[in-house]
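Here the structure comes first, spelled out in structure tokens, and everything after it is commentary.
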Amino acid sequence: MWKWFSQYAKPEKAYQLCGTLFRWFWLPSLLLILVGTVWGLVFAPQDYQQGDSFRIIYIHVPSALLSMSAYVAMAVAALVGLVWQWRTAYMAMIAIAPVGAVMTFIALFTGAAWGKPMWGTWWIWDARLTSQLILLFLYLGVIALYSAFDDKQQGGKAAGIMALVGVVNIPIIHYSVEWWNTLHQGATITKFDKPSIAPEMLWPLLINLLGFALFVAAVSIKRMRNEIVRREIHRPWIKSLFLENEK
Amino acid sequence: MQFDSLSAFLEMGGYGFFVWLAFGVTLGAMILLVVQSSLDTKHLEKEIKDTHARKARMRAAAKEGL
Amino acid sequence: MSSSFSIINGVMRRDLILAFRQKAELAQPLMFVLMVVTLFPLGVGPSPELLQRIGPGIIWIAAILSGLMGMERMFRDDYHDGSTEQMLVSGMPMVLVSAAKIFCHWLVSFVPLIILTPLLAVFLNLTWDMTVALMITLLIGTPVLSMLGAIGVALTVGLRKGGLILSLLLIPVFIPLLIFATSAIESASMRLPYLPQLAIMGAILLLTAALAPVAVSYALKVSQH
């Protein structure tokens, strides 16, 4: 198991694996998102309280969930990189970061577009919104730190430390913000009471969840391939790979 | 099918603007991400080929020079 | 044991001497805090009740910002004149060196601020209870600022354009401290017990104290390449 796992420390192996995985993830993700979204938009029944605005849930919940999972994935990659000194792990880390940041942005934006008709305001300093915003800052910090380094190996290590500092902080931030919120705001906005969600509403959500997960994985993998090529650009195996494709 | 007509579908029970705004921005952000990633791939491929071609030209020029 | 003591002692003595030779740099963050605190009544109006309500937050935010300004000093000069490299090469335990340097930074940049706090509290019309709570939260919280800041500085010290990135990296991780500190002071203003908030801040302090020196010494090694 370990031997099998550790072979992907080599960029060449990792590149091949990425190619295979991308083919498995990419089209299914698009298909699932298409099915889930159309189902959610057209066929799922209306919410008795929120009418049709609740359909935003079909992109809001998946993106919010994935924004956090992607951060954890990024931190795990950083840990692997720091502990076993894999260069490919840093490449994975920096490939995931922008994808996670986009997911966080989507979660924030769709939340705002949902909040406006429901709560009457685009933005409130609600605990979840605030922690999500801070999550976006953490992502941007990692990306900015990595891109500030000319030596990308060094940048990967530095950004990795920052990602780990962030992941230790996420629970602290989350609870502090939640606590702060209950202290300062009182119970102004109670989460709308959720009746157990009807199955015909739930299915499209689950499909979209899986679709988004595969999408995040696929795009991260694509970006990781780019990263491997960028870092190994002068190696012979890259050259032979790309110039053979030409013939 | 929850909607009687296309216009009812677009209206989303009065929430049309917000629903379509959310879905539109999501779609836009995802497309941008994918496009940026594939442009990056293309750019890298081009760079590799250009470097190769330049080296070939340099070799050829060196040969002629001799 | 005695050798690690002598390392801490030596590093601290050296850093303190260096800091006190640059008195201007020492005083700037303090002046900055004073300026920020002066700006707020001008910006939001001089109403004493309003100032009392937002005062603790202002002082804490000013402390964070001034801390960010002086943070770079912690490793920048040592990095550029090669002292960090010498320490790494000499095989000194960098965890101890980092801990000593962090403590020194806290002594030099935050302790004067804590001493200045009663004056700022008067400016912002804080009650005596609030002032005491503010000083206690600063006493527990600012070492955490120094330690987390040290990680950020150690990561960015080799960069030419490190300054702005530093705030982007550090401000998000400072947020819990700000929340608990201001909430403790708010409880104090209502004469409620604020020990729970202090306990959480103390827990954060201990956790950071355990992890930060290790992270800093590793980050310094990374930056040195």
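Yeah, the Cβs are placed from backbone N, Cα and C, and that goes for glycine too.
Look at TrEMBL and you will find A:8-184 tagged as domain 'Cytochrome c assembly protein'. Mean pLDDT across the domain 'Cytochrome c assembly protein' (A:8-184) comes to 87 in this model.
According to TrEMBL, the transmembrane segment annotation covers A:21-44 (among others).
Annotated transmembrane segment per TrEMBL: A:56-82 (among others), in sequence order.
If you look up TrEMBL, you'll see A:89-109 (among others) marked as transmembrane segment.
For the transmembrane segment (A:129-149), the list of distant contacts is 64, 67-68, 71, 74, 93-94, 97-98, 100-101, 104-105, 107-108, 111, 123, 155-156, 158-159, 162-163, 166, 169-170, 173-174, 177-178, 181: same-chain residues at least six beyond its ends, Cβ to Cβ under 8 Å. The transmembrane segment annotation in TrEMBL covers A:129-149 (among others).
Per TrEMBL, transmembrane segment is recorded for A:161-181 (among others).
Residues or ranges marked as transmembrane segment in TrEMBL: A:201-221 (among others). Cβ atoms under 8 Å from those of the transmembrane segment (A:201-221) belong to residues 18, 21-22, 25-26, 28-37, 39-40, 43-45, 47, 57-59, 61-63, 65-66, 69-70, 73, 92, 95-96, 99-100, 103 of the same chain, restricted to positions at least 6 beyond its ends.
When Cβ distances are compared across the two stretches, the transmembrane segment (A:161-181) makes no contact with the transmembrane segment (A:21-44), since fewer than 3 pairs at least 6 residues apart fall below 8 angstroms.
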